[in-house]
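Features of the protein shown, as given by TrEMBL:
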| type | residues | note |
| --- | --- | --- |
| BINDING | B:90, B:91, B:92, B:93, B:94, B:95, B:96, B:97, B:98, B:99, B:100 | ATP binding site |
| DOMAIN | B:64-149 | domain 'GHMP kinase N-terminal' |
| DOMAIN | B:210-286 | domain 'GHMP kinase C-terminal' |
């Protein structure tokens, strides 16, 4: 085997009350990476499609190659590999674009090398790519993109991940309004001090959300999908955020929130029909504002990244 | 049936990372309340044993009668009832003493009235007793005392309780040092503002603890039993707190923390042997300091308050 293609899904991080500690994976929408073994040692990016020419081809600046290099370093080996990346995800949208590329690259390269690593072990390598791409080694996109489902990052200092169950029939609608929102701006509006009361409310909600996922209790999931810490500041950067919430809650969605650091909004629903209706209602909200929007409807993906060609 | 006796267990609230939102119940240790129907309308406290004469006999100041009155008010009825309270719990120790009395009184009175209420429905009445006794209608002691097991209070504004699973073989050691710690003092040392980073760490830990309980994952429970919000301030009021932790962690306990607002310390262990050894090690720590101490070892109680005489 000299060539492997893998797919890794888009992800939603900062799941409302799960700010900085929780993410989940989407089905279908994501990036494809093909890794081909070469004679000459060294990693190269041969081509990137679907990025509008925005992503770097330099091996030390591309998340695919940075992630694979971290993996090779861990193995204490050098290899020749040529990477081709097919972006299925918009850049800088808050859907875990850089993470999906790194995840797909790792799963493909791991397969090519005869699977020296379990999926769990790939996460730290992808985090190195996140560190390069956004300055911080976040795991809340790369972990669900690799592992699938909901992944809790209990602790970053000693990477402690917990894969959580996904209730049957849980759907996500992603609403990507055509506006640019820099992660740095989205980060800078966060309050660095919060009240004890707010921290307690947030704790109650993340605890309720985790219990709701284990019990497949949609009512509890819905009541728990509230963020009193990041959302009140960040929602101000996204026009239509609260109008969208009102519209989708009225038609029975479980909750909505900012995906990653935005501007994409995620909506969780029980069942595909509600998720589709939520997408239509969201589109109407943004059309009224005069903003274009892309809508994706998908079941929450429980398998994560996978090899497409054996 | 004119007379019913019920037992309600001691409880641990503020379970480390579960500050203000989580509590659990202990076996055996607790209060007994006998409620007897009388002809003359009105609630009276006939006698209290085991309180050293400290608890009030006035019906509007005793948590048993205040809780029952709230229940009768909800039923829109008046009854004649005489209450006898047998305290099995030390007062002001942080083991949910006032909550256990109210819980036992409610379960006995509810039985006497032909069970007009489910156990869940009794919690708000016991919260009224807590409001009278400590100025705030906390539920993190009364809910586990009535329902048993671990109870999450997701939301106080619209009382939203979730009974969580109890892993088999989970034991608690309660260490009650003989020192007085006023709840008001314990409350006043809490910081009212905390950093975003601390709130995120606390969220990760409570999420991990909930997942650990569902998965009976003792390692995850242990790693999650950390409180970066209340404990750093409150532990300063309890001499020997960190020495005790070091001693019990060395011998394999899962974690330790302040029970309620202290001074009692709780230790969670997998299996009865470790729980007993943790108690002995704790005793040694306090003997060195020159403080007397009571030790209780008990499985986590999953049944809550119950009727003793049908």
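Note: Cβ is positioned from N, Cα and C throughout, glycine not excepted.
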Cβ atoms near residue B:90 (ATP binding site) (within 10 Å, other residues, all chains): 18
Assigned conformation of residue B:98 (ATP binding site) - DSSP reduced to three states: helix
Around the Cβ of residue B:96 (ATP binding site), the count of other Cβ atoms that are within 10 Å: 32
Protein Cβ atoms within 10 Å of residue B:100 (ATP binding site), excluding its own: 33
Fewest other Cβ within 10 angstroms of its own Cβ, chosen from the binding-site residues B:92, B:94: B:92
Close in space, distant in sequence - residue B:98 (ATP binding site), Cβ under 8 Å, 6 or more apart: B:63, B:129, B:130, B:133, B:134, B:141
Remaining residues near the recorded ATP site, that is with C-beta within 8 Å of the centroid of the site residues B:90, B:91, B:92, B:93, B:94, B:95, B:96, B:97, B:98, B:99, B:100: B:10, B:89, B:141, B:260
